[in-house]
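**Q** I have a structure I would like to understand better, so I am pasting it below and will then ask my questions one at a time.
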């Protein structure tokens, strides 16, 4: 472990590759089995069984679905912009995965004398000789949140279909409306932690001092606005089947369609991980489980809540969606910032 490459110890590169592989496999498996879990959970909530045929209680259903989509015919509409049509699913999928780069999923561990944070993104401090957390984690996530929608808009435009275009335009309008409220909702967290570092925000929530208790309104607003940003029910207007056939992905098939599907669920996992980090104490929990296990448990609980919401609430009408974002959520976030600022000023 004493070898160096480009002035950095080999342990830095080894740990980086290991963390990338672990996180990628975790997100991929979670996405695959979230589709299965959603069908089973909604099925039981509606007094049905859900998938039962493929494997024991349908446990192999995600594999069967993946194989089916992989071997289906790739169809590109004759009037479509082929290059944009093919690249749109990639633009939608990649930001959903790389958002995990800055999320800390456990406590710092020590290997061969080096302290390694359980977080992919970081830089090697040559003075201390340790991997240090970047102080821009939240800004990185907010920036990525607005990139995925470009893939959806591009898919709608390049398909040369009115239904796809309407779905893409709805997605962009929805993202603008709710990203503003979501960003303002977490300003109160910055005011309490006095940092943009996710490591620092998690550290401030130790011993049960979770920000969801100190900032319940911000927690609820951020979670709901995030669901609207990623087009989850009841905010799935961009792909409303009763109005737009299948919205922005109407003309897609095979693995291109699967990539949009994966992007939706990967975004859901990322939103739940960010919410866990900002409001639910991150990896903090009772000592009988390691920190990373608590982090995963909280993320899976929020994923279950997302599925519960889908099974419970009907889809909003488009004008109701816009009114809720601009006339209800945005003023509430501003009021919450003002009240938090007053409280912080009085305490200091």
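Every residue gets a Cβ built from N, Cα and C, even glycine.
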**Q** Which stretch does Swiss-Prot mark as transmembrane segment, out of 62-82, 83-103, 104-124?
**A** 83-103
**Q** Which one of 40-60, 208-228 shows up in Swiss-Prot as transmembrane segment?
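**A** Residues 208-228 are the ones Swiss-Prot records as transmembrane segment.
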**Q** Under Swiss-Prot, which of the candidate ranges 11-31, 242-262 is annotated transmembrane segment?
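**A** Going through 11-31, 242-262 one by one, Swiss-Prot flags 11-31 as transmembrane segment.
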**Q** Would you kindly list the residues that approach the transmembrane segment (324-344) from elsewhere in its chain, counting only those six or more residues past its ends and only Cβ-Cβ distances under 8 Å?
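**A** Sequence-remote neighbours of the transmembrane segment (324-344) are 174, 177-178, 180-181, 184-185, 187-188, 191-192, 215, 217-218, 221, 224-225, 228, 316.
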**Q** Considering only Cβ pairs under 8 Å, which range in 11-31, 136-156, 208-228, 268-288, 289-309 makes the most contacts with the transmembrane segment (83-103)?
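**A** Comparing 11-31, 136-156, 208-228, 268-288, 289-309: 136-156 has the most Cβ pairs near the transmembrane segment (83-103).
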**Q** Out of 11-31, 136-156, 208-228, what stretch is closest in contact terms to the transmembrane segment (172-192), meaning most Cβ pairs under 8 angstroms?
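**A** Per the Cβ under 8 Å count, 208-228.
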